[in-house]
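The following block contains the structure, expressed as structure tokens.
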Amino acid sequence: MRGSPGDAERRQRWGRLFEELDSNKDGRVDVHELRQGLARLGGGNPDPGAQQGISSEGDADPDGGLDLEEFSRYLQEREQRLLLMFHSLDRNQDGHIDVSEIQQSFRALGISISLEQAEKILHSMDRDGTMTIDWQEWRDHFLLHSLENVEDVLYFWKHSTVLDIGECLTVPDEFSKQEKLTGMWWKQLVAGAVAGAVSRTGTAPLDRLKVFMQVHASKTNRLNILGGLRSMVLEGGIRSLWRGNGINVLKIAPESAIKFMAYEQIKRAILGQQETLHVQERFVAGSLAGATAQTIIYPMEVLKTRLTLRRTGQYKGLLDCARRILEREGPRAFYRGYLPNVLGIIPYAGIDLAVYETLKNWWLQQYSHDSADPGILVLLACGTISSTCGQIASYPLALVRTRMQAQASIEGGPQLSMLGLLRHILSQEGMRGLYRGIAPNFMKVIPAVSISYVVYENMKQALGVTSR
């Protein structure tokens, strides 16, 4: 077979690809040239893990690059693996992958995608406009991406079109059976928890300012952003801007773990005989999981608010704060504001999910002519906008919750129920009163998302989670 016409054609094609990648014409392709080639030929942001994997796998003598012989040997093995993947996805063995076969393959992995999403995926590889993918199109699209099996290919597609971020991740992440079996799921949860801790610490002054304005700002006490920061610094110094951050970080781990376990159980109950959850069912499961987690860790939310608002020397620490609340107000105090908190999950989760899906599908319709991958900036922008819309809808309930958590610690203040507090705010301050502190809340969204993303990606790399 070595001298066959097909073999000669392949070697010519590999030679042309090698020449195109070898930008400095030194007879070798290094990681830098490979990175440029992946970006140029793949039509999207290349995966650093794929570049390193290709170099280490193909380089027989580890000298930092591939010569033509090593490059050709790698591509030959690569094409053989890709051909097996192609046949695995081509369920009716007609030599083409169509939209229904893409959907079936996703369903087999427990991932539900719409017909429109499947068409967008197919369109990103379909060069001849036939709305099917033949072997040549498949090979050319995936030749330089380090994808080892069908699950990897499907997750390359999934992660290029789906990213769901929210302020508190009200609807938990979906993990495939493969991710659960390999242990990638807990590594991603750990990476997310560390990212959340760093992000919350970085934006803690704005978070404390928000709580401060929610509780203390009014028509008679017109607190603005600078005035609020100044009064906090004058009362307790620069370090006081981070009051309440310790418990805010501490509650990430139990909340994430409980939410994930509850979501898996609720999802199993909803699924029944179905293979996958629809978006509406995912919203219901996510909201119930969020409510379950909040029910269990809610005393930590009350402690966070009290510690955030404390005066210098008021409490010796977390345990002292909890002991004093228990002695003076009883155990019920640890669930003050619970009802508006749980009710706030529904508008936040629903609007966050709906706006994100709308923005994502709009972008895919308008701009995904050559690729279904919008890039990380577009995905982060969609996530930020959807999260902000969710916050606007649920903010009045969040404000009422915070006031109820804090009102027992304010001397001479009225002890009101949720409806009583809503009526009091509306009668005294109007609708604007329900949005006190929303400015610093908006100010922290972009830095929080940015810090979270950077730390999350670095943590995934450190933990050995493959990015696709």
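Backbone N, Cα and C atoms are what each Cβ position is placed from, and that goes for glycine too.
Okay, so Swiss-Prot annotates it like this:
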- 1-188: topological domain 'Mitochondrial intermembrane' (TOPO_DOM)
- 1-149: region 'Regulatory N-terminal domain' (REGION)
- 9-44: domain 'EF-hand 1' (DOMAIN)
- 58-67: compositional bias 'Acidic residues' (COMPBIAS)
- 207-243: topological domain 'Mitochondrial matrix' (TOPO_DOM)
- 264-286: topological domain 'Mitochondrial intermembrane' (TOPO_DOM)
- 301-336: topological domain 'Mitochondrial matrix' (TOPO_DOM)
- 357-379: topological domain 'Mitochondrial intermembrane' (TOPO_DOM)
- 398-436: topological domain 'Mitochondrial matrix' (TOPO_DOM)
- 457-468: topological domain 'Mitochondrial intermembrane' (TOPO_DOM)
What counts of helix, strand and coil residues does DSSP assign across the topological domain 'Mitochondrial matrix' (398-436)?
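Split into helix, strand and coil, the topological domain 'Mitochondrial matrix' (398-436) gives 29 helix, 0 strand, 10 coil.
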What counts of helix, strand and coil residues does DSSP assign across the topological domain 'Mitochondrial matrix' (301-336)?
26 helix, 0 strand, 10 coil
For the topological domain 'Mitochondrial matrix' (398-436), what are the same-chain contacts with Cβ under 8 Å, counting residues 6+ beyond its ends?
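Here the qualifying positions are 211, 213-215, 217-219, 301-302, 305-306, 309, 328-329, 333, 336-341, 344, 391.
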